Amino acid sequence: MSRYLTGAFAPLKREHTEHALSVEGRLPSGLDGLFTQIGPAPAGQPRRAFDGSYPWFMQDGLVCGVRLRDGRAAWFRNRWIRSRRVARALGETPAPGPRHFPIDTVNTNLIAHHGVLLALVESGCLPVQLSETLESIRYTDLNGQLPRGFAAHPKVDPATGELHALAYSPLRRWAEHVVVAADGHVNLAGRVDLGGRPLLHDIGLTDRSVVFFDLPVRFDVRRAAAHAFPYRWHGRHRSRIGLLPRAGGPVRWLAIEPCFVYHIVGAEEAPDGGLTVHALRYASLFDDGTDPLARPATLWEWHAEPGADYAVARPLDDLPHELPRTDPRRECRPRRLHYGITHDSSREQSGLLRFDRRSGRGEVRQLGPGVLAGEAVFVPRAPDGAESDGWLLYFRTDLAAGVTALVVLDAADLTGAPVATVRLPVRVPIGAHSSWIRSDEWKAMA
Ligand SMILES: [Fe+2]
């Protein structure tokens, strides 16, 4: 059996709703919102490739969430996104709305923007609008404004509320630059000719540009035909970083050495045109059939001088980690801190990392053998304040006990006792991304 169907990944059997969860410690009253995790977990029979393998990334989307309000944990819910496949497994009607892609599985990320809670996936399918209780309302093209899908990792400029995304699909050799204003108006700002079909998971956002990697992990039609994960390493592809002006216009390309990046930590542009990008780098991925999640990524920096057509990369640290998160108030601005998850597979043990660029060092909270963490999200204590002033929220799963808790740490005291721990009624399977959605972010929801 695949390791993605057992232990920490084992799918839940049904949907749960539990109210008035027990809390150790004191939940800060300032935490008024939803903590969620979305990830692949089959609702019924898993999706299998023709060779019998289990492509984890392609399974049904499951959202698990906890509502925090008034110093209480009001409820826990887990809900599958009502794709056609999930609806069939549950004997229900699929969520209404357009799809724009043959596969309508949505399983990668969750955001709120212009008052709408959206579950996201990349590579072609449209988002699903969720209710504040995590029910699938509809697949949405944002009132007819998204002609060709969306993206899993859009970035929002906190100064303007403007969202930027690069929508790509294996059906096209170009990506679409989608800009969504704070009021929900969509501007299709232009197309980026990719000369092929790369996996384009994340972007960076500066005050002037969208920054992205164009790398050798690319669509493979033979793998797609076999219903396997349809991307693999193509060694002959030239790797590069693209800088796309936020207002539209030609891309500036910077040649780089081959590698793979899922997640960008941050990007900074100097007034003179110099660029610095921080990201979690894999030497290669999907190149030899080995387990993609077993390959560690480490923090690297790419730097390009003004006017240069290439960027030079260097490692900043050797501690493998993934799922980087930063202070959302500082998107588009230089950031000193980021958080991430370390993993020791020999002991099935996660750690929470806080990396400080100023000192060049990372501090780790080890969770102990058999204890795993989902993505840790930094939640600011207030709309303004110091970069470390806030909480770190994450799902902590004890494998032996088969239980998960939502843990709240003081972000400035990474290794100290938790501020609060919320016991959940079920084990939350390992997923993709976690999110914190403030209650005022969905107030305008239809
Ligand atoms: Fe991601």
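Going from the start of the chain as shown, residues are counted 1 onward.
In case you wondered, yes, glycine gets a Cβ from its N, Cα and C as well.
The model shown is predicted, which means the values in this text are computed figures rather than measured ones.
Listed features, source TrEMBL:
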BINDING   His153, His201, His263, His433  Fe cation binding site
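Structural mapping of features recorded in TrEMBL.
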{"residue": "His153", "record": "Fe cation binding site", "Cβ neighbours (10 Å)": "21"}
{"residue": "His201", "record": "Fe cation binding site", "Cβ neighbours (10 Å)": "23"}
{"residue": "His263", "record": "Fe cation binding site", "Cβ neighbours (10 Å)": "20"}
{"residue": "His433", "record": "Fe cation binding site", "Cβ neighbours (10 Å)": "22"}
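Secondary structure from DSSP puts His263 (Fe cation binding site) in a beta strand.
Apart from His153, His201, His263, His433, the Fe cation site neighbourhood in this chain, defined by C-beta within 8 angstroms of the site C-beta centre, holds Thr108, Asn109, Ala152, Asp202, Tyr262.
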